[in-house]
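Student: The structure's right below; bear with me while I get my questions together.
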C-alpha cells in the first residue's frame, strides 16, 4: 500500500496516497433483506458513484432519498476537472438520481492567474452523512495555499447543507499550515453527526500525519459562515492537538463513529488510528463534551490495519453502546498452518462497569478484506436486538464482493451470518468493491423495518436492500390417543365392511408480526403420517378420509388473532402389512406462506421468521406386549467360539465362528446380529449342513467404512430366545505387522432401552508356518569308464580335454504358506582327494533371489566352457553335448568291485555360501554347479576297476522372516547329491537286418492304400458345388471402371 511521506518530503497532489490507502486494498441472510428485487442505482461511468452512501430523510417532506457520493464525477463548475458530486436518488420505482448543488463556483483567486484553491480532483463526495434536513459532504483532497506560500496543501473541505442553506466548512484551512500543522489534514476523510447536532470530522494528515479529530456545532457552522473569510474560528470547537513525535504517521481520524460510552447521554467520539502503536493500530474513544480520552483499544497484529473501519451500536440489548473495529489485513493460520490474509472484526461489548469484553470474528475468504466497512443496521428483524453488516468487498465469486449480515443476541454477536449479500457485477478496470461503503438503520419505505444501502464504486453502482416484514407463526399439533392399540378396531373404513384402529390429529396455526402486514394471511398446510419412513417404505398410518398418509389444506389466518384449528381422523394399517411395531409413528406438519397475497403495494413480500421452525411433529406409539409402561427392555447377550485356534499367515484359512445369541429380557424388535469383520477376512456364508445350527439370513454390507455381516434374529426376538449359528469366513491378506485378527460381535435392536448387547471381541492368533525343503539332483547321476577315444592332455584347454560334464542342481523351495525373507545355503563340493582333482568346477549359476560366493577360485585353469551349457542348465536329467561316451546301466556289463565314497568327510571340499532373499509360497531358488569329472585321476592304474560315489552336500537355515511381532521356530535341513563313477565294458552294437526294413516299408504302403479306398467309398474325393444364378456369374465379370476393363 502507498502512504504519505514523512516530514517535509512533498508529493503532488499531496495526500492522495493516504486517501487511496484504503481504496487500493486488493481488488445465508438478517434473513429478511429482499435480495430478489433490490433497487439498483447507477452513476456516471468512472465517477466512483457509490464510494460513499447514506439515507436522506428531510423532516418537511414525505419523500425519502438515498445520498450517493461520486468523488470523480465531473461537474458544471467552471475550470474544474473531476470535482466530484453527491447525488440524491429517489428510492421509489423511478430510481432517478440528481446531483445536489453544493458549490457551483470554480477556483477562487488572490489575483488573476494566482489561485487560492484547487478544486480539480478534490474527491468531493468521498464522504457523505445526513441527519434530518442536514447533509454534510466532504472533499478530503481539496487543496489551497496561503498568499505567502506557493505550495498547495491538501487541507480538505466540506459543505454543510441545512434545509435551504449551504455553507462551506473547512476547519483545517487555517494559518497552522505545513505538515507539522494542518497543511496535510485532509479534513473530511471521515465524518459523522451526533445526536446533539454536532459534526465530527476526521483529518488523518494533521501534525505529520498524527491525525486529528474536530467537532463543531451545526448551528455555529451555519451562523458563522462568511464566503469572504477563508479561515473561520468556532467558539465551541472540540479538537485534538499535536502530540509527541512518536505518534507521527498514526492516522487519527481515518475512521469515525459516535456513541455514548460514559453514560452521560451525550455522544462520544470513536476514531480508528490504523498505524498507531508501531502499526498495531489503535481505536480511541474521546469524551463528547471535552475531547478527553475515555478508552483505547490496541490491535494484536502489525500491519493488520486495525481501525480501518469503526462502528458503534448496542448489539446485545443491554442499553450500552458496543464498539466494532475492522482490521481487513489481519492474517490467520489456515488448516495447512500457513498465514493467510482473511481480515478480522473485533466486537467489544461494553459492560455496566465501563469495561469491555472483546470477541473476535475472522473473515471467511482469503484476500477478501473482511471488515473494510461496518454498518449498524438497527433491529433488522424486529427481534429486540440490533444487527450489523460487515463487508468483504473483494470476496465471493470473481472477487465481486460480499456483505455479511450478523444478528445481535443477548450474549453478543451471532458468529454465523444469517444472510449473505453478493455483488453481481464483473470487474472493469478495477474490482467492483461491492460493500466498500454501507449505511443502514433507516426505514426508507416506512414499513417498520430498517433498510440497507450498499455501494459498489468500482462499477458505479449503489443498491438499496429493503427489509421484508417478518411473520412469526405459532403452529400446534396434537395426537390423541398417543398409544395406539391395534386390537381396538372401532372406526369403519369407508367403502368397506372393515373396522380399523384409529386416532385423532388436531393441527392449529396462529400468525403475527410487526410493521406493515395484511390483516389476513394465507397459508398452505401439509400433514404427513409416519414421516420418518423412507420413501417407498410402507407407512403404517393413513388418514381415514382419503386412505393416504398425506393431507393438504389451505388456511386463512387473521394476523394477531386467535389460534385456528382443524381436526382429522387417522388409522393404523393391519399388522400383517408391516413389521415395525416398535418405532414411534411420527406425525409431521409443515406450512408455507402465500407470499404473493401478502405482498404490499410496492410488491415487497413478507417472510417467515427463520428462527421459528416452519414445521412441527408429534409421535404416537403402537401398544406392545411389554408390560404396563409399553416399553420393552430386552437383555441381549452374545458369545462366540471358533473351529480354529490359530491361523497361518499366507494361507487361505477357512474359519467358522460359532455364535450364540440370546435374549433374557422382554422382546427385542428388529433384532440383528452385527459382526464387524477385519480387513483380512471375507464372509463366505452361513453354515447350513448342521441340524444343531440355526440357518440365519445374513448379508454383507459396509457401514461408515466398517465391513459388517448383518444377520436377522427375529422381529421380535422373543424373551428366552437362544440361537446358535455358524458363520464361515476366509482369512487371508494378512500384513507383516499383524499378530491376530479380531471380530467384534453385537446384537442390536430398535428398542428404546437396552437396545444393544455388550460388544464381544473375538481374536484368533496368527502364526508362521513355512514348509521349506531342499532337493538336489546330479546330471548325469552315473558316469562309466573308460571313456572312448579320451586321451590325456597335459595342459587341457577344453571340456573334452578334461572329461565328461557333471552338473549338480540344488533347489530351495518354500511350500508355504508363510514367506521368509532371508536364508543361508551352504554347499560343500568334493574337489580333491590325495591331491588329485575329483570334480573340477567350471562355473555356478543361480535362478531366483540368491547371491553366492566361494572360498576358492572357480575355473583357475580357464578351461573353455562349451556353448551347450545353457541347454544343460535347464536339463535336470543330464545332457552332455557328446553322449557317445555315456553308457546306461542296461547297456553295460559292470565290473563288480569296491565302491569308494568320496564326500567332504574324506575328500577336500570347496565351499559355496549363498544368501537367499525373500521366498513366498510356491517360490524357489536354484543353484546350478557345472563341473568336469577329472578323468586323469580315475584313469590312473591304481584307481581303475573301482566304483566311486562322489557326494556334494547342501544345507540351509532360515534366518529371517518378514513378520516382526510373531514367534518363529528355527527352520533348517540338508541333502546330498551323488554322482557314481563306475568301470564297465561296452557291448558291440548289433545292426538292424535288411528284411526288417523292407517288411516295414511294405506294411506302411498297404495301410495307405486301405485308407484311400475307404475315403473314396465315402465320397470324400467327389467335389459338389451349388448352382450359381446368372446374376452371380455376371458379378464375376470385370466392371466398366475396374482393373479388368478391356477397353483400357
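Residue positions begin at 1 at the first shown residue.
Keep in mind that glycine also has a Cβ here, set from the backbone N, Cα and C atoms.
Got these off Swiss-Prot a minute ago, pasting:
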- 74: N-linked glycosylation site (CARBOHYD)
- 89-97: disulfide bond (DISULFID)
- 138-158: disulfide bond (DISULFID)
- 172-185: disulfide bond (DISULFID)
- 237-291: repeat 'FG-GAP 4' (REPEAT)
- 290: N-linked glycosylation site (CARBOHYD)
- 292-357: repeat 'FG-GAP 5' (REPEAT)
- 296: N-linked glycosylation site (CARBOHYD)
- 488: N-linked glycosylation site (CARBOHYD)
- 491-502: disulfide bond (DISULFID)
- 508-565: disulfide bond (DISULFID)
- 554: N-linked glycosylation site (CARBOHYD)
- 615: N-linked glycosylation site (CARBOHYD)
- 626-632: disulfide bond (DISULFID)
- 698-711: disulfide bond (DISULFID)
- 704: N-linked glycosylation site (CARBOHYD)
- 835: N-linked glycosylation site (CARBOHYD)
- 851: N-linked glycosylation site (CARBOHYD)
- 874: N-linked glycosylation site (CARBOHYD)
- 904-909: disulfide bond (DISULFID)
- 945: N-linked glycosylation site (CARBOHYD)
- 973: N-linked glycosylation site (CARBOHYD)
- 993-1016: transmembrane segment (TRANSMEM)
- 1017-1048: topological domain 'Cytoplasmic' (TOPO_DOM)
- 1019-1023: motif 'GFFKR motif' (MOTIF)
- 1027-1048: region 'Disordered' (REGION)
Student: Among 89, 97, 138, 491, 698, all listed as disulfide-bonded residues, which has the most CB atoms within 10 Å of its CB?
Tutor: 138
Student: At the level of the C-alpha atoms, what whole-angstrom distance separates residue 851 (N-linked glycosylation site) and residue 973 (N-linked glycosylation site)?
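Tutor: About 19 Å separates the two Cα atoms.
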Student: Within 10 Å of residue 704 (N-linked glycosylation site) (Cα-Cα), which of the recorded positions 97, 554, 632?
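Tutor: Within 10 Å Cα-Cα: none.
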Student: Count the Cβ atoms, other than its own, that fall within 10 Å of the Cβ of residue 565 (disulfide bond), considering every protein chain shown.
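Tutor: For residue 565 (disulfide bond), the count of other Cβ atoms within 10 Å is 14.
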Student: Given the glycosylation sites 835, 973, which one's Cβ is surrounded by the fewest other Cβ atoms within 10 Å?
Tutor: 835
Student: Work out how many Å separate residue 973 (N-linked glycosylation site) and residue 554 (N-linked glycosylation site) at their Cα atoms, rounded off.
Tutor: 91
Student: Do any residues at least six apart in sequence from residue 488 (N-linked glycosylation site), in the same chain, have a Cβ closer than 8 Å to its Cβ, and if so which, in order?
Tutor: 501
Student: Of all the disulfide-bonded residues given, 185, 508, 626, 632, 711, which residue's CB has the most CB neighbours within 10 A?
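Tutor: It comes out as 185.
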Student: Taking every residue in the repeat 'FG-GAP 4' (237-291), what is their average pLDDT?
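Tutor: Per the prediction, mean pLDDT sits at 97 for the repeat 'FG-GAP 4' (237-291).
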Student: Report the member of 290, 851 (the glycosylation sites) whose C-beta atom has the most other C-beta atoms within 10 angstroms.
Tutor: 851
Student: Which residue, out of the glycosylation sites 74, 296, 554, 615, 704, shows the minimum number of other Cβ atoms inside 10 Å of its Cβ in this structure?
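Tutor: Each of the glycosylation sites 74, 296, 554, 615, 704 was scored; lowest Cβ tally within 10 Å is 704.
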